[in-house]
Each structure stands twice: as structure tokens, then as C-alpha cells.
Amino acid sequence: MSQGPPAGGVLQSSVAAPGNQPQSPKDDDRKVRRREKNRVAAQRSRKKQTQKSDKLHEEHESLEQENSVLRREIAKLKEELRHLTEALKEHEKMCPLLLCPMNFVQLRPDPVASWSAHDAPDHPSFIWLGTLV
């Protein structure tokens, strides 16, 4: 009949496991040094992980603030667009140029009518005065 561990915990044996020799003081020292080295490495790893987590949290907070600022700017620009669209609609009702039967008004004579499309300057000789959709 085998005996289990005592009521308070683990059964300890002074006999080495089969195939193992009893621990020498030199082996004990190595084991202690290895455990200490492992403990220090684990502390370093946990500290590094905590620092990385803190950095990500700070970056998240910063991005949330930037996002909030950009959303407010978008709302402001949408309101400005709505206001300008309304102003344009009101202006179109009264603009004499839009009531004219011609949709194009020449701003200046075209001095370079012979230019090809790739030679022409960036500014057009004609401007469309119709409504934009």
C-alpha cells in the first residue's frame, strides 16, 4: 500500500529518483544560479511587456483625440458645404449670366488657337457658367 503526501502538502524524499545521483553542492549552486537568472529574465520580460502595453495605450489615447478633432472638422466642413450650396442655389435664381441663352462666356480671345492639347496652358479660355451637379 502506497503512502500519499502528508496532509500539509508534498511528500519529500531524500532519495534521488532512479538514474539520478544525489545533488552535490556544486549542482545545487548551479540550480540556484539558473533559477535566479531565469527569475531576472522573467522580470525583464514582464517589464518590457508592460512598457509595450503602456506605449500602445498612450498611442491609442492620442489617436482617439486626433480622431475626435478630425470628426469635429468634418462636421464643420459639412455645415460650410451646406451653407455654400444654399448660397449658390439662391445666387443661381438671380444671376443674369445664367439666364443668358449662351452657356459659355469667352473671357479673352484665344491667342493660341493653333496649340495642340498638350501644348496648351493649364488655364482655359472658356469657363462653364452652368450649374454643377
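Placement of Cβ uses the backbone N, Cα and C atoms for every residue, glycine included.
Lifted from Swiss-Prot, the feature list:
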type	residues	note
COMPBIAS	51-68	compositional bias 'Basic and acidic residues'
DOMAIN	28-91	domain 'bZIP'
MOD_RES	Ser2	phosphoserine
MOD_RES	Ser24	phosphoserine
REGION	1-68	region 'Disordered'
REGION	30-55	region 'Basic motif'
REGION	56-84	region 'Leucine-zipper'
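Residue counts for the compositional bias 'Basic and acidic residues' (51-68) by DSSP state, with H, G and I taken as helix and E and B as strand, are 18 helix, 0 strand, 0 coil.
Long-range contacts of the region 'Basic motif' (30-55) within the same chain: residues 23, each at least 6 residues beyond the stretch ends and with a Cβ under 8 Å from a Cβ of the stretch. In this chain, no residue six or more apart from Ser24 (phosphoserine) has a CB-CB distance below 8 Å.
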